[in-house]
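Taking it in order: structure first as structure tokens, then the write-up.
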């Protein structure tokens, strides 16, 4: 199977997982990226079975609307039953690196609200220790140099994502060669830097369920199992 076929398989598995639980009042949180896009396409088949969605990016909102799925502002909903999103890396504890597409802050907010966070990924994203994929950090523009210096103090190599602006109007610094053997500690240290909005480590709020696309089919891995 190609990587796209693996992504399609896990996206369909996620829809199959949540479909029996959808009610007319249900709100589904939807992530950003290529795997999330496949999820949206499959979710559209059930658009009459639930109320609507909360999107983690403008691009996701646009795709949902094209399928006729109502998109709500997060402040307008009381709860989100499921949040489904991809990842750039995942470890065995279902701690993640996300934000390759630059939507990490909104993704982290929606994940924090959701009762169940389902991560969908192909097997290339599963790693022993996080950090081979550069760790994105969303930064207030005027703090760019300061944050970069602080990242160096923590042992990382900061690289400005030139020309990229987040949906929130901020910039991204990608951290290379960072020791992330203790994801929760690193997440908190980075978030404590003045000028950082948030970083792409999902350790305080890891996934509850990982649907992993492999050559042998989709594996379902629950956190703590």
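Just so it is clear, glycine is given a Cβ too, placed from its N, Cα and C backbone atoms.
Look at residue 34 (substrate binding site): DSSP puts it in a helix. Summarising the annotation, Swiss-Prot assigns substrate binding site to 32, 33, 34, 35, 85, 86, 87, 88, 98, 99, 100, 101, 125.
According to Swiss-Prot, the active site, proton acceptor annotation covers 107. In the shown protein chains, 31 other C-beta atoms lie within 10 A of the C-beta of residue 107 (active site, proton acceptor).
In three-state terms derived from DSSP, residue 125 (substrate binding site) belongs to a helical segment. When every Cα pair among 32, 33, 34, 35, 85, 86, 87, 88, 98, 99, 100, 101, 125 is compared, the largest distance found for this substrate site is 16 Å.
Least packed by the Cβ count within 10 Å, out of the binding-site residues 32, 34, is 34. Using the Cβ center of 32, 33, 34, 35, 85, 86, 87, 88, 98, 99, 100, 101, 125 for substrate, the list of other same-chain residues with Cβ within 8 Å runs, in sequence order, 31, 36, 121. Sequence-distant neighbours of residue 100 (substrate binding site): residues of the same chain at least 6 apart with a C-beta under 8 Å from its C-beta are 33, 88, 133, 136, 200. Classification of residue 85 (substrate binding site) by DSSP places it within a strand.
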